Amino acid sequence: MASEQTIEGAAAEALAAAGDAPFLGLLDVLLLAALIGGAAFYFLKSRKKEEEPTRSYSIQPTTVCTTSAADNSFIKKLKASGRSLVVFYGSQTGTGEEFAGRLAKEGIRYRLKGMVADPEECDMEELLQLKDISNSLAVFCLATYGEGDPTDNAMEFYEWITNGDVDLTGLNYAVFGLGNKTYEHYNKVAIYVDKRLEELGANRVFELGLGDDDANIEDDFITWKDRFWPAVCDHFGIEGGGEEVLIRQYRLLEQPDVLPDRIYTGEIARLHSMQNQRPPFDAKNPFLAPIKVNRELHKGGGRSCMHIELSIEGSKMRYDAGDHVAMYPINDKSLVEKLGQLCNADLDTVFSLINTDTDSSKKHPFPCPTTYRTALTHYLEITAIPRTHILKELAEYCTDEKEKELLRSMASISPEGKEKYQSWIQDACRNVVHILEDIKSCRPPIDHVCELLPRLQPRYYSISSSAKLHPTDVHVTAVLVEYKTPTGRTNKGVATTYLKNKVPSGSEEVKVPVFIRKSQFRLPTKPETPIIMVGPGTGLAPFRGFIQERQFLRDEGKTVGESVLYFGCRKRTEDYIYESELQEWVKKGTLNLKAAFSRDSDKKVYVQHLLEQDADLIWNAIGENKGHFYICGDAKNMAVDVRNILVKILSTKGNMSEADAVQYIKKMEAQKRYSADVWS
């Protein structure tokens, strides 16, 4: 910490100076005594404040015994607190961690006290010792990320079980995967870990569960969980669960006396990191990037698409064309105020939420101490569709029995409850504010709402520039998200609404917190290699960077292979983004542009149709000249269609069977010649 280093530095200077002066005068002694007395008083006062009883609700906090949080031995923690269930998570956006927490809490009902663990913070070789604990069970909630990769925090564990040959005989385990069926490598990580643990001798207590985020991952999880617990009880000879007790994971401590400079105001990790910026910049220490340009790209049509240029000068951050820039947004202030009113809260109250599980390395759900206003603005997803466990806990605060029953029903696993959750919550796009507006007798305490809501995640954007041309600027291309819901409300995207209002004017700088995330979406190492790019709409973003780079190399006199871009939008006169730039690259001979305008003719034409017409060109580029093929944009329809068309082209032009064509694409993927940067 900077403050500790400063104090230590000042102390060193004082000692150095003391060599040339009398040791201590009378005045020095008096001052020193006063300082020591003041520090002791402040320390005792702070401790007393910590020990003050907190307000309690009908949902009581748990109490557990402790071991050192710095210790990475999960076995020690389990033994010290009499627990036998450990739930590991691999999570990139927080959902895997949330599911792990829910399983660990529910273990109490089945006489299996549980703990949540981040594999990155644990000595995972201790899995070999877990069998020494009676009725022990390891559950893995693992998300698949990117191109079938483990999440950052599960990478080391994944590599360990992949490359190691340990004997896990006696280890009881179960796996739940979090994936998305629109992606090529659906739940690859969970499927592999489940199989690999069995190969290493471990005992599968319950079948692999697979959650699909494209459909209803919440339903997948609670359906799996409802069958998981009876199987666990049967395996260990435990009687079925007792009545469900809702347990608070965090206790509230209101802190009106905390000094203002010790209160978090939106920092991600280090206090004052937004005021005292210092590299390296990453997810926990974002760089406050000035916005140099924020202009509209659409020429009409009622929708909005922004071109934003961020300055990263002085940050020491580097990027390549194809990388992502992540941005931490903030929630709409009016929505925050509305939620405060619905919970009868003073949003400027300073508080901390403190984990009742003192063995957990996660002491707070977000940086504390802070105010409710800051927590709801910077740290919590208040616009997300709430999962069923949130509804279950909110039901406890309803004074109207019908409304309580409605929330409980939607949180249940009954077919009627699931159907109601789908229609009333998901299809209606109701967030927590909408629920409290419509369930008028539900008035939960604001601190419990803060505990229940998931963390506000950074938003990732494909960088639409090349560092060869713009080494100190990062360009972003983003469509404003705004839509009407079936209840007549207007829902707005958190990040794009935030960005829309960040327009630089005059001498005043407008800044946003960002960091760079490296990607596998890369131009070929040899510039002469031909490339095919498919990017309708904002899927054009990374390809703008690719083409900038290829133009730069041509301007330097280098030989550059053919660059073919398939771009599509609704109307040439409305949403044809970067039109003049694209036409300029065509004129210079750098780009072969194929554009589809779906609403400019009676028959809708999409990029898929243009690809089908260009079978010879595509086969020549990727089949005969070993070119690279890229897709960016919608994963659910466009990317699937494009892949299928490519299979067809390879079959006909390459004289392959369909199975061979599929294998050919897989080989291209392994060689990094086929890359997709898609979202659903």
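Cβ atoms here come from the backbone N, Cα and C positions, even for glycine.
The feature transmembrane segment is assigned by TrEMBL to 23-44.
Taken from TrEMBL, the feature domain 'Flavodoxin-like' covers 85-229. Residue counts for the domain 'Flavodoxin-like' (85-229) by DSSP state, with H, G and I taken as helix and E and B as strand, are 65 helix, 35 strand, 45 coil.
Under 8 Å, Cβ to Cβ, and six or more positions away along its own chain, S91 (FMN binding site) finds E97, E98, A100, C141, A143, T151, N153, L178. According to TrEMBL, the feature FMN binding site maps to 91-96, 143-146, 178-187, D213.
Feature annotation from TrEMBL assigns domain 'FAD-binding FR-type' to 284-524.
The NADP(+) binding site annotation in TrEMBL covers R303, T538, S598, R599, K604, V605, Y606, V607, Q608, D641.
Annotation comment: TrEMBL describes R459, Y460, Y461, S462, T477, A478, V479, Y483, G493, V494, A495, T496, W679 as FAD binding site. Around the Cβ of W679 (FAD binding site), the number of neighbouring Cβ atoms within 10 Å comes to 16.
Listed in sequence order, the binding-site residues from N180, R303, Y606 having a Cα within 10 Å of the Cα of V479 (FAD binding site) are R303.
Residues near T477 (FAD binding site) in space but far in sequence (CB under 8 A, at least 6 apart, same chain), listed by position: L297, C305, M306, H307, I308, Y461, S462, S464, T538, L540, A541, R544, I577. Note on proximity: among K604, Q608, W679, the binding-site residues of the record, the Cα nearest G146 (FMN binding site) is that of W679. Counting Cβ atoms from all protein chains shown, Q608 (NADP(+) binding site) has 19 others lying within 10 Å of its own Cβ. The Cβ of Y606 (NADP(+) binding site) has 17 other Cβ atoms within 10 Å, all protein chains considered. When the alpha carbons of N180 (FMN binding site) and W679 (FAD binding site) are compared, the span between them is 10 angstrom. The Cα of G493 (FAD binding site) lies closest to that of G94, out of the binding-site residues G94, K604, Y606. With all protein chains in the displayed structure included, the most crowded Cβ environment within 10 Å among the binding-site residues R303, R459, K604 is that of R459.
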